[in-house]
Amino acid sequence: MGNAKRIGVLTAGGDSPGLNAAIRGLGKAAIGRHGMELIGFRDGVRGLAENRCFQLGPEALSGILTIGGTILGTSRDKVHRMRMGGEVVDAIPIIKDVVEQADLDCLVMLGGGGTAKNALRLSEAGIPVVHLPKTIDRDVAHTDNTFGFSTALEIATDAIDRLHSTAHSHHRVILAEIMGHKAGWLALGAGIAGGADVILIPEIPYSVDAIAETIRARQARGTNFSVIAVAEGANDTAAAQAIAAAESLKKAAGTPQEKAAAKSHLARVLDDHREHTFRLARSLEDATGLETRVTILGYVQRGGTPCAEDRLLGSRIGTAAADLIADGVSGVMVASKGDGTEPVDLKKVAGVLAQVPPDHPWIQTARDVGTGLGD
Ligand code: F6P
């Protein structure tokens, strides 16, 4: 048994629906059940390094379950390379001091893949850390789900539903660009649920010819419109190969000079492929003769009230974190497993991207209902 008295909490990375539910779940269980004190840090690891904190009491935790975003604020900083006072510094020793001065027995970090890496760095520096997996991308390894995904899935599905109206009325091809970073979970899930005719995900490089063929086959059956769900990370085969080659070069780079060169090469390659959805739209218009439009769903996907599933997931994971801390557990992510939760060593989670496996049942489902995957 541990004897944690004071715990810190912060939210980092992109805001995600369900963050407040998780903060509330953590706080209610920590304060109410375990008699701990909860200290909130503003704006992610930046606020932690700058020691911007305040006591999170029961009043602050009340009325936040249904609110989108995060009451704590967020940022996308790296603990080992943070811009502070005009220079880039390793903020880990600074953070260690803050944690010691605040007399924290554990720090709870709510975030996605980047936060898992930050959490591991802090844990390896001797700070007791617990990570709670949130992201609309659902790309965190060793957890069944991440809070934020279900709400984003609802929003993206609703958008695809609504885009069908213009697509069929105007006989157009409409491409809906869906978030997800380097993973296709959101586009695939929303594409299936919204009945997209083609779904493009990063895990399956596409060919313009294959997509045009699917659209033409629909035209041949008398259907002069198509809705395409495009993951923001999707690429055609040539781009996917160029990106993979640049990424391997970066991994293999040894000297600082090689690393810098490989990094800027990768940035250039990625830059070349920006706005690929608009280029794809032009190619499809040329290939099919159908008017083609793009809708970028953007931040709408992660805004507003969390759905019931994310409130439940955030509450489950948040309360479970308080129980684990009370038991003296740290250095873990609290994973969702079935209806329960499970601590997973941060070393197994950090730096591992959970993409859609090629044999995933959702891919088969999409194919079985006749959806093109661009391959
Ligand atoms: O990780 C969540 C996410 O919304 C991704 O889907 C997207 O690629 C990214 O964040 C956008 O990041 P930012 O909020 O920094 O623009």
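Cβ atoms here come from the backbone N, Cα and C positions, even for glycine.
Counting every protein chain shown, the number of other Cβ atoms lying within 10 Å of the Cβ of D137 (active site, proton acceptor) is 30. According to DSSP, D137 (active site, proton acceptor) sits in a coil region rather than a helix or strand. According to TrEMBL, the active site, proton acceptor annotation covers D137.
Taken from TrEMBL, the feature ATP binding site covers G14, R76, D77. Within the same chain, the residues at least 6 positions away from R76 (ATP binding site) whose Cβ sits under 8 Å from its Cβ are A12, G13, G14, G44, G114, listed in sequence order.
Around the Cβ of R293 (substrate binding site), 15 further Cβ atoms fall within 10 Å across all displayed protein chains. The feature substrate binding site is assigned by TrEMBL to T135, I136, D137, R172, M179, G180, H181, E232, R293, Y299, V300, Q301, R302.
Annotation comment: TrEMBL describes 6-325 as domain 'Phosphofructokinase'. Per-residue pLDDT, averaged over the domain 'Phosphofructokinase' (6-325), rounds to 97.
According to TrEMBL, the feature site 'Important for substrate specificity' maps to G114. Every protein chain considered, the tally of other Cβ atoms within 10 Å of the Cβ of G114 (site 'Important for substrate specificity') stands at 19.
T135 (substrate binding site) sits 16 Å from D77 (ATP binding site), taking the C-alpha atoms as the reference points. Remark: of the binding-site residues V300, R302, the most isolated position is V300 (fewest other Cβ atoms within 10 Å of its Cβ). Residues D137, H181, taken from the recorded positions D77, D137, H181, V300, are distinguished by a CB atom under 6 angstroms from ligand 1.
Sitting within 8 Å of the Cβ centre of G14, R76, D77, and not among those site residues for ATP, are the Cβ atoms of A12, G13, G44, T74, S75, G114. Between D77 (ATP binding site) and H181 (substrate binding site), the C-alpha separation comes to 17 Å. A sphere of 10 angstroms centred on the C-beta of D77 (ATP binding site) encloses 22 other C-beta atoms.
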